[in-house]
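**Q** Here it is: the structure, laid out below.
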Amino acid sequence: MADLEVYKNLSPEKVERCMSVMQSGTQMIKLKRGTKGLVRLFYLDEHRTRLRWRPSRKSEKAKILIDSIYKVTEGRQSEIFHRQAEGNFDPSCCFTIYHGNHMESLDLITSNPEEARTWITGLKYLMAGISDEDSLAKRQRTHDQWVKQTFEEADKNGDGLLNIEEIHQLMHKLNVNLPRRKVRQMFQEADTDENQGTLTFEEFCVFYKMMSLRRDLYLLLLSYSDKKDHLTVEELAQFLKVEQKMNNVTTDYCLDIIKKFEVSEENKVKNVLGIEGFTNFMRSPACDIFNPLHHEVYQDMDQPLCNYYIASSHNTYLTGDQLLSQSKVDMYARVLQEGCRCVEVDCWDGPDGEPVVHHGYTLTSKILFRDVVETINKHAFVKNEFPVILSIENHCSIQQQRKIAQYLKGIFGDKLDLSSVDTGECKQLPSPQSLKGKILVKGKKLPYHLGDDAEEGEVSDEDSADEIEDECKFKLHYSNGTTEHQVESFIRKKLESLLKESQIRDKEDPDSFTVRALLKATHEGLNAHLKQSPDVKESGKKSHGRSLMTNFGKHKKTTKSRSKSYSTDDEEDTQQSTGKEGGQLYRLGRRRKTMKLCRELSDLVVYTNSVAAQDIVDDGTTGNVLSFSETRAHQVVQQKSEQFMIYNQKQLTRIYPSAYRIDSSNFNPLPYWNAGCQLVALNYQSEGRMMQLNRAKFKANGNCGYVLKPQQMCKGTFNPFSGDPLPANPKKQLILKVISGQQLPKPPDSMFGDRGEIIDPFVEVEIIGLPVDCCKDQTRVVDDNGFNPVWEETLTFTVHMPEIALVRFLVWDHDPIGRDFVGQRTVTFSSLVPGYRHVYLEGLTEASIFVHITINEIYGKWSPLILNPSYTILHFLGATKNRQLQGLKGLFNKNPRHSSSENNSHYVRKRSIGDRILRRTASAPAKGRKKSKMGFQEMVEIKDSVSEATRDQDGVLRRTTRSLQARPVSMPVDRNLLGALSLPVSETAKDIEGKENSLAEDKDGRRKGKASIKDPHFLNFNKKLSSSSSALLHKDTSQGDTIVSTAHMSVTGEQLGMSSPRGGRTTSNATSNCQENPCPSKSLSPKQHLAPDPVVNPTQDLHGVKIKEKGNPEDFVEGKSILSGSVLSHSNLEIKNLEGNRGKGRAATSFSLSDVSMLCSDIPDLHSTAILQESVISHLIDNVTLTNENEPGSSISALIGQFDETNNQALTVVSHLHNTSVMSGHCPLPSLGLKMPIKHGFCKGKSKSSFLCSSPELIALSSSETTKHATNTVYETTCTPISKTKPDDDLSSKAKTAALESNLPGSPNTSRGWLPKSPTKGEDWETLKSCSPASSPDLTLEDVIADPTLCFNSGESSLVEIDGESENLSLTTCEYRREGTSQLASPLKLKYNQGVVEHFQRGLRNGYCKETLRPSVPEIFNNIQDVKTQSISYLAYQGAGFVHNHFSDSDAKMFQTCVPQQSSAQDMHVPVPKQLAHLPLPALKLPSPCKSKSLGDLTSEDIACNFESKYQCISKSFVTTGIRDKKGVTVKTKSLEPIDALTEQLRKLVSFDQEDNCQVLYSKQDANQLPRALVRKLSSRSQSRVRNIASRAKEKQEANKQKVPNPSNGAGVVLRNKPSAPTPAVNRHSTGSYIAGYLKNTKGGGLEGRGIPEGACTALHYGHVDQFCSDNSVLQTEPSSDDKPEIYFLLRL
């Protein structure tokens, strides 16, 4: 480019003269190969960005971007000119433009020399300007050009104006899906001149700005500007420091940004940055994802050559395929300037004694060796000074070898002189720094045993050209008189069809391994063709050609098991030995060839002596370069990886593509980089995935062609295939929040072009590196919006060796039948910059995605529990040591598949078409789908050696679940939190055993459970786990040990983390104990209170065994997270038939969500380590879920105006899926003195920030799945007094498990909860639906599951259509029921609940009950004051709008905005919990931890009901002196609600007179008016079975009804008459269950001796906790006034 310098200094007059001539157009002759010249009018477009011509049949393609012009040459220099006879054209009228990746040439002839001179000058001037401009200027220029071009293309009639119809068409083309009225409104606002109804270009610019206002950036600006519409210098500096993690931010730097990017002159004067300037800044290279410092060389360049990866090219001279393409010297210039440092020259004897360069035995064109050397000399060091390696493949005679040596010395001169190079210590290669400006010749060297006087000698002739088998070589002499032209046309025809097919299939297909084994096919076809007589009939040729095509197919990889070599190239395999004989591994079966080499050429080879790849034995000589074809190299990597790595620490290795890649496709370089190979040679002329990876790898370090290998690869032993390759080193955690996309185009190969449908984009992020790091994950699909889609999703990855990892962003257009590639960008992990960044897609002008990046370091073995959501529990159970655990057959199992369905739960199956069609926005490769491991060719090729099971075990490829991340990704990790992790031994043996038998089987023994544990790995794991934790079972529960169990992610991968508060002491903060108690031995089993009976199975889904979708064994619901290790609170559970169920291996206990909740409550803590000090903006973006992407203002409006966040308030912004009004407000939850604000979360989706509010009371939380709209669950925390009964009283007596030791009123912590301020995402509130009762003794999981209300947020529509992957707990749980696996749903409950929840849901969705009933907030809170044993179902809140409007500014009455009217059967009285904890929880994608029978499998033993008697039996543990006296008092309610008998028992036991001022939240409504659409109807079979069960149970109860109630009996009493009472009770669960116990007499320590269910609360005034509560408000406990008897069913599952 040096010659362009001259053109930068041309006088403006001359430049303008050139430009005007070029823009007005010039008639020239365009020469084409094999045709006569065509006369065309060539002109420069008005933006001076494109050279165009007309007429042209393909007007769209008749253009050349100035940016893509590589060089312009004068005269007749190109090959096409050379083919023309001398004298045909005047050389001074000729010039050639080289452009594009393949160096295509456009050969032009003008009518006179003057015109040619003008064009050459003008083009070179434009090229010089482009080459000189900085990246910012270029970005601005290309943007301006793009807008102008867009305007012109939209202006169909060419009048320079756009009317509304043209605007609508443009919107479709730009993938904008806005309502027409909105477009018209913006159009009218922009149309300001007198010419109404049309837009000029200036007006269009205004319109375009309005249309493309970045809501995400606007929110970002607001959050840092204190809600102003601009940033001051100080605010900008704060943003750069806090969010963008920039150091040394000075005032001058900020002023410079304002000066450079601000558009408004007024703002510039005030030194503030408005939204337009801020947008320009954020879209500039300064905020690109790639670290700008890495545009320069920044690595240490003084290490030996073998410590670097070196950018290498294969058959550099070719412009296309390996058989027929043109060879051009310009390719050398191009690749050298692209940063390539090792080029290949194939030398052959040429005519006239001149060696030529071409691909031997093929029909590629020839170029002179001398021209090649001159080009290399000219361009080698233009871009950088680091050494160039010239890989000479020598096939010449001795005479021409001497000519080669002569040219090299004569042209390169001193560049070949290596005498001055300092090699450092002995036997070490020199460094790139010491070789600057030098050219190394890589070639054969005469053996040392020859004397120095020997002029020539024999050397082996093993090289890539000779990989072509002799019978496949094209000899250019033909016995039957066939001409070369005939042969060439025959081959060309075959090859073109082949290449076309190859291109079609080469779209990012991980299994595609482009053409191979084709030379032979071609050769056979050729011979058959040649055997025919030259005058063979046309028809004969045709049919023959057709039959030959079968040989030309591009074959999918069909590797068998890894026990065979990986290679799919059968032909090559036959040439290679099996490798059984040591040392002979790579010796080819054929004879070794030799050739003569002259001394002159041998002497030029110094540090790069090519040796035949016989074996990787280091003979002690430095300077040997081993050359392998990809297939041979693959065998070495696979079978001798550690030896190979050690060899590569001292010597160079070059890997080149297989000779069967005749289409010049590229192999995957990754396995060879991982093995330490330095020179991995690719076909630079072939664009595609592999070249993109190569470009990304070398772009770092200033694109100088040398990238330092990680130190572990440079010394010592290192096994790249290990599951934990660097156990002692910290790992990196990448938390990547994909926020939005901008101007994503339609797919390049879209059938209808711009007229095609608006795209439905999603983003896939892939980590490419060591096998253990390779994985990918993706966002959900956004429908119909390519212009500004918003995903707001967080993906988390853990990387063991970030130095070699690449991060690849892919944008796809989702399609029911597949997906179309839109664009990509690949960046090295080490070049990522934290903060808010734009990822510009390669080769697309405006298209980008906006992300937030956080990179944390993870230290120590246990740290993945906290920070890395992708660790499986297996890693911690020592799977690496006990390989038999997963049937490991040794480290290198030869199974090539990514995973196999039989032995790996990670197996990703292809989805059926029907399945895909159902998944739209909830949808597509939706977020619910797990990260597929190594779903690309790389991994297959490299990891053939590692069995999938091994990988899972070792924690490899484990990233199947979404991030645990709960904080804005900008948050630094607080390392202090890492200290107190405990061992994850909290599951008990019982949990495990139950798990094994968790399948519900119907009478025929058919499996109904969707989560069968087939995998023996799980069973082994279970046993191991149980043994490790069973010891914990027998602790005396009366000590009040706090049990908090580990909830870990499913096998799909994630560890939620765990905590183990210390036993035997009162804790005010369940989670804080986690930090205080580092002693793992104190970790109590979640079920320590259980007797060691195998019947209890709370953690059945511990591993997240997948639930299959109905009827389709192929489709897994790939649960992202699983709520497991749940604590079963026996206070809520009645264990009925332990013995009977033990036999069946069933869980005999009904499972309360609270138990789960409790369990999970601590989990976040661990994660929280990653999350301290939130940055406001992350909250913002986190909080605003732009659900309705099509409404430009929707999210902003949701956020702005609700920004008054105080320390004691949590901002809640709700942007609802169902387009209900978006409300937000402040949650009146003051921060209660915390030692450390820990955030925790496992919100995989968007929700990131929320605090666990763990009060002295029990923390209970339920797991909810984050849908595409992340959800944070809200928990209620209640204080449970611990039962003092003896541990052996009864199983139930141990029920206090999950309860924290209560802080009774006298205790100092009584009133203190742990509730830091926590912005939560809007949708996080919606999780309430799934996280119903926080510690509810009465709401069992069945309530959640059976209650469609929970599904409010699931999918975007009715349950029926939702695919299992939609990640809502509510959805999923409902799905279980739908599928007949209702995990704990009582059939009758189902029936009762149906109406309510559906109605409830509809009410919420339609918002029709805004004003139904509005008790004052204080009243509602009053009702809470005295609740002792109760947890509130947040469902009710949700329904009540409490959550939705959480005290929004606009709605002080608030609590009722969305209260649906309920039927009489559903009077939900909703007490409000003392505190809300917002905890993003992994969802219950997997079956609930306590497994139940499916509805069809219930038997009469499972249900006990009594329609007449009073409470028949009470669990002994609940009865204490305080209760016995009150036992007669009963509570009435108005409805025939399906109430949990157990709850009812509790309620009866602990209930006291209610006071009178509580209002009913739900008014009556006829049950039969309730909508029922969302609930699965029971089949007639199920209904009859339920009736049968009920009747049998009734008979049984009748028989027993005279018996005296036995307090310790586990049977359920199901009916009692209710005394009348004046007002309805507020104690009703949202599911209809009563909440046990309105304890009035608890002001003192009276509760000490009583066993209260785990959700119990002491009587506290709420004033100190909630601003909405008056200090003296007390919970009312009046019974309800309806005399109808109530029927209860108690399920024993």
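Glycine is no exception: its Cβ is also placed from the backbone N, Cα and C atoms.
Take a look at what Swiss-Prot says about it:
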DOMAIN    20-128  domain 'PH'
DOMAIN    142-177  domain 'EF-hand 1'
DOMAIN    178-214  domain 'EF-hand 2'
DOMAIN    226-246  domain 'EF-hand 3'
DOMAIN    299-444  domain 'PI-PLC X-box'
BINDING   ASN315, GLU344, ASP346, GLU393  Ca(2+) 2 binding site
REGION    526-585  region 'Disordered'
DOMAIN    601-714  domain 'PI-PLC Y-box'
DOMAIN    715-843  domain 'C2'
REGION    992-1014  region 'Disordered'
REGION    1052-1089  region 'Disordered'
COMPBIAS  1065-1086  compositional bias 'Polar residues'
REGION    1300-1329  region 'Disordered'
REGION    1578-1613  region 'Disordered'
**Q** For the domain 'EF-hand 2' (178-214), name the stretch out of 20-128, 226-246, 299-444, 601-714, 715-843 with the most CB-CB pairs under 8 Å.
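**A** The stretch with the most contacts is 715-843.
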**Q** Count the Cβ atoms, other than its own, that fall within 10 Å of the Cβ of GLU344 (Ca(2+) 2 binding site), considering every protein chain shown.
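**A** Looking across every protein chain shown, the total is 24.
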**Q** Please report, as numbers and ranges, the same-chain residues at least 6 past the borders of the domain 'EF-hand 1' (142-177) whose CB is under 8 Å from any CB of it.
**A** 46-47, 49, 183-184, 187, 195, 197-201, 204-205, 207-208, 211, 743-746, 754-755, 758-759, 784-788, 845-846, 1190
**Q** Using a Cβ distance cut-off of under 8 Å, indicate which of 20-128, 601-714, 715-843 has the most pairs with the domain 'PI-PLC X-box' (299-444).
**A** 601-714
**Q** Looking only at the domain 'C2' (715-843), how are its residues distributed among DSSP helix, strand and coil?
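**A** Split into helix, strand and coil, the domain 'C2' (715-843) gives 9 helix, 62 strand, 58 coil.
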**Q** Based on DSSP, tally up the residues of the domain 'PH' (20-128) by helix, strand and coil.
**A** 35 helix, 43 strand, 31 coil
**Q** Grab the pLDDT values for the domain 'PI-PLC Y-box' (601-714) and give me their mean, rounded.
**A** 91
**Q** DSSP on ASN315 (Ca(2+) 2 binding site), three-state: which is it?
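**A** Assignment for ASN315 (Ca(2+) 2 binding site) reads coil.
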**Q** Using a 10 Å cut-off, grab the number of neighbouring Cβ atoms around the Cβ of ASN315 (Ca(2+) 2 binding site), all chains included.
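**A** Its Cβ has 27 other Cβ atoms within 10 Å.
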